[in-house]
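*Asks:* Take this structure, written in structure tokens, and hold onto it; I'll ask about it next.
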Amino acid sequence: MKRNIAIVAGGDTSEIVVSLRSAQGIYSFIDKEKYNLYIVEMEGRRWEVQLQDGSKTPVDRNDFSFMNGAEKVVFDFAYITIHGTPGEDGRLQGYFDMIRIPYSCCGVLAAAITYDKFVCNQYLKAFGVRISESLLLRQGQAVSDEDVVEKIGLPCFIKPNLGGSSFGVTKVKTREQIQPAIAKAFSEAEEVMIEAFMGGTELTCGCYKTKEKSVVFPLTEVVTHNEFFDYDAKYNGQVDEITPARISEELTRRVQTLTSAIYDILGCSGIIRVDYIITEGEKINLLEVNTTPGMTATSFIPQQVRAAGLDIKDVMTDIIENKF
């Protein structure tokens with residue numbers, strides 16, 4: 001009998017549009033001969049399943065099921081592709097743990113750590129991972145322009161500490177830009193991270209592990225036409241994404257080894273993607289860890305899967321079957 005798979009998308013942040021795109025990508029990637037697929041949209045208290053006829057029906061949160069006519073359908077597995085809360089920060093994972101439904105990605109702790117950029121960086125720094133200098137501001141806290149310049153320097157990045165897709169991010173070059181950038185970041189999240197700029201080559205590396213194997217994908221080099229890898233660059237084509245990256249085999253191996261180590265340190269599950277900046281002297285610096293990476297047809301992970309000579313359908317099957 002086919003397993004019923006929920007592709008869980010939506011969320012309560014600006015990234016909802018990106019999440020819904022990823023859901024369509026995942027729907028196209030998963031083997032429909034093996035699984036019954038349904039997209040489940042979550043937004044606030046609205047949890048709905050998309051039916052084949054285009055209509056939507058509510059999800060019963062008691063057991064994560066829905067009624068399809070007179071038939072009750074209970075999901076066997078959740079593929080979480082919510083970028084942002086509640087799917088990337090551990091909240092939804094806690095719900096699925098409580099009702100004992102397996103899911104595609106990291107558990108509560110790893111998701112919560114990686115969703116908080118500042119906490120994740122400080123945690124991994126303790127294991128010897130290189131990170132940039134940064135400051136954290138919480139709602140109600142303030143920092144002077146002088147302190148930013150003295151402690152972090154210019155240029156710097158001011159961004160929401162929670163969230164992704166570069167919403168609310170500003171590359172700050174002058175003192176006059178600091179406070180407006182902080183206000184912009186606070187409009188997206190309750191915490192703001194002020195991070196030192198690092199110039200160099202931007203790379204990203206995907207990885208997943210199962211009970212039987214460990215797979216680290218070829219690296220992608222990210223060359224943006226904009227000031228930085230912002231929303232336009234990510235989703236409107238203002239970037240060159242080169243897979244495999246134009247770097248030495250030795251540096252490739254080092255980045256892949258570090259990615260695998262970060263996966264294990266954090267206790268990850270499913271597919272993750274780790275972003276880096278390579279600075280002078282081939283120093284590998286962590287940017288961030290993504291535990292629910294984008295999965296549209298043109299996203300980094302599908303590109304890397306193709307470059308590795310793998311079939312994305314087989315990768316999706318690995319992720320699902322590893323939980324049974």
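Backbone N, Cα and C atoms are what each Cβ position is placed from, and that goes for glycine too.
OK, Swiss-Prot features for this one:
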| type | residues | note |
| --- | --- | --- |
| BINDING | 149-204 | ATP binding site |
| BINDING | ASP275, GLU288 | Mg(2+) 1 binding site |
| BINDING | GLU288, ASN290 | Mg(2+) 2 binding site |
| DOMAIN | 121-321 | domain 'ATP-grasp' |
*Asks:* Which one is it, among the binding-site residues THR170, LYS184, MET198, that lies nearest to ASP275 (Mg(2+) 1 binding site) by Cα separation?
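*Replies:* Nearest in space to ASP275 (Mg(2+) 1 binding site), counting only the binding-site residues, is MET198.
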*Asks:* Around the Cβ of CYS156 (ATP binding site), how many other Cβ atoms lie within 10 Å? Please give the count over every shown protein chain.
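*Replies:* There are 25 of them.
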*Asks:* Measure from the CA atom of LYS184 (ATP binding site) to the CA atom of ASN290 (Mg(2+) 2 binding site) and give the result in Å, rounded to a whole number.
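*Replies:* ASN290 (Mg(2+) 2 binding site) and LYS184 (ATP binding site) have their Cα atoms 22 Å apart.
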*Asks:* Far apart in sequence but close in space: which same-chain residues, 6 or more away, have a Cβ under 8 Å from MET198 (ATP binding site)?
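*Replies:* Listed in sequence order, they are SER132, ILE277, THR279, ASN285.
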*Asks:* So how many other Cβ atoms are close to GLU191 (ATP binding site), meaning within 10 Å of its Cβ?
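*Replies:* Excluding its own Cβ, the number within 10 Å is 20.
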*Asks:* Once the chains shown are all counted, how many other Cβ atoms turn up within 10 Å of the Cβ of ASN290 (Mg(2+) 2 binding site)?
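*Replies:* For ASN290 (Mg(2+) 2 binding site), the 10 Å Cβ neighbour count is 21.
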*Asks:* To the nearest Å, how far is the Cα of GLN177 (ATP binding site) from the Cα of GLU288 (Mg(2+) 1 binding site)?
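*Replies:* Spelling it out, the Cα of GLN177 (ATP binding site) and the Cα of GLU288 (Mg(2+) 1 binding site) are 24 Å apart.
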*Asks:* Can you give me the same-chain residues 6 or more apart in sequence from VAL149 (ATP binding site) with a CB-CB distance under 8 Å?
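*Replies:* Those within reach of VAL149 (ATP binding site), by Cβ under 8 Å and sequence separation of 6 or more, are ARG175.
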